[in-house]
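Structure first, commentary second.
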Amino acid sequence: MAQPSNYWKQDVLPLSILMLTLVATECTIGIIASGIVMAVNAVSWVQKKAISITTRILLLLSVSRIGLQSIMLIEITSSIFNVAFYNSVLYRVSNVSFVFLNYCSLWFAALLSFFHFVKIANFSYPLFFKLKWRISELMPWLLWLSVFISFSSSMFFSKHKFTVNNNNSLSNNICNFTMKLYVVETNVVNVSFLFISGILPPLTMFVATATLLIFSLRRHTLNMRNSATGSRNPCIEAHMQAIKETSCFLFLYILNAAALLLSTSNIVDASLFWSIVIRIVLPVYPAGHSVLLIQNNPGLRRTWKHLQSQIHLYLQNRF
């Protein structure tokens, strides 16, 4: 979890309030977007009385993100208004839950990218063709395996201990507030275990599949352009849009993995600035990815627009 070493108390906390506002906005958008993804896919499951692989992954992904962003919202509020939160049993529970849900989110997004890559990409290799035929059988097992790995890795954080130095304080002249210093012990072995067990496998899978998918789409686009007769081709435009979306997903995923590593390993906790930046960056990926999923899916997009119109109508009647 985002664990900056400095937690402050004073009468007016403009920086704290600004950080809380930004994180709360990101988490609220993410929870609403993930809720829409979950609701639409759940309704589809009930109506069809069957669940596809994509629907199953999206349901798991949206549920994990709703839980994750709810914990982020609770944690950031508690850290600002109640320092004792970090010495409580509740903190350890929320810390383990935060890491577990973050790992699950990374794995589910990576498996979604892997599934789309296998279904969409076109490579003339026997092993790839065999994978295409068996991917639907393998995915449920891979999903359960990812949950098990996430849970096992997150248990490492259940024994996380803080060394609190109440006598030390730092003064920040720019923001004009006093900060109590909380030091978290960490070492290279812990950071290596954290990265290798929870972040590196899904990160490698996502980067590899997204990059190969972009390569496959670009190659197919070039072939269509060479054989195209008209000035505009809807298929080419669709491929270019898919390349842009996948590139955006890839950037957000790498950014989130880096922020998660820095957050849970306490590497940047000595810096107030970077601690705040990490806290603001962490909710960006789950919220941004969920919004992009909605924009790229006609059914989800219709539900999103309907919700926006309902909110706009409510605000008009209210004010």
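Placement of Cβ uses the backbone N, Cα and C atoms for every residue, glycine included.
Record features (Swiss-Prot):
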| type | residues | note |
| --- | --- | --- |
| CARBOHYD | N95 | N-linked glycosylation site |
| CARBOHYD | N167 | N-linked glycosylation site |
| CARBOHYD | N176 | N-linked glycosylation site |
| CARBOHYD | N190 | N-linked glycosylation site |
| TOPO_DOM | 1-16 | topological domain 'Extracellular' |
| TOPO_DOM | 38-65 | topological domain 'Cytoplasmic' |
| TOPO_DOM | 87-97 | topological domain 'Extracellular' |
| TOPO_DOM | 119-137 | topological domain 'Cytoplasmic' |
| TOPO_DOM | 159-194 | topological domain 'Extracellular' |
| TOPO_DOM | 216-247 | topological domain 'Cytoplasmic' |
| TOPO_DOM | 269-273 | topological domain 'Extracellular' |
| TOPO_DOM | 295-319 | topological domain 'Cytoplasmic' |
| TRANSMEM | 17-37 | transmembrane segment |
| TRANSMEM | 66-86 | transmembrane segment |
| TRANSMEM | 98-118 | transmembrane segment |
| TRANSMEM | 138-158 | transmembrane segment |
| TRANSMEM | 195-215 | transmembrane segment |
| TRANSMEM | 248-268 | transmembrane segment |
| TRANSMEM | 274-294 | transmembrane segment |
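Tertiary neighbourhood of the transmembrane segment (195-215): same-chain residues 99, 103, 106-107, 109-111, 113-114, 116-117, 120-121, 123, 146, 149-150, 152-154, 156, 243, 246-247, 249-250, 253-254, 257, 260-261, 265, selected by CB-CB distance under 8 Å and a gap of 6+ residues from either end. Among the recorded stretches 17-37, 98-118, 248-268, the one sharing the largest number of Cβ pairs closer than 8 Å with the transmembrane segment (138-158) is 98-118. For N95 (N-linked glycosylation site), the count of additional Cβ atoms within 10 Å of its Cβ stands at 20 [all protein chains shown]. Proximity of distant same-chain residues to the topological domain 'Cytoplasmic' (119-137), defined by a Cβ-Cβ separation under 8 Å and at least 6 residues beyond the stretch ends, is recorded for 53, 212-213, 216-217, 220. With a threshold of 8 Å between CB atoms, the same-chain residues lying at least 6 positions outside the topological domain 'Cytoplasmic' (216-247) that come near it are 117, 120-123, 210, 292, 296. If you look at the topological domain 'Cytoplasmic' (295-319), the same-chain residues 6 or more away from its ends with a CB under 8 A from one of its CBs are 32-33, 36-37, 39-40, 44, 245.
Sequence-remote contacts of a segment are chain residues at least 6 beyond its ends whose Cβ falls under 8 Å from one of its Cβ atoms, and for the topological domain 'Cytoplasmic' (38-65) they are 30-31, 101, 104-105, 108-109, 111-112, 115, 135-136, 139-140, 143, 286, 290, 293, 299-300, 303.
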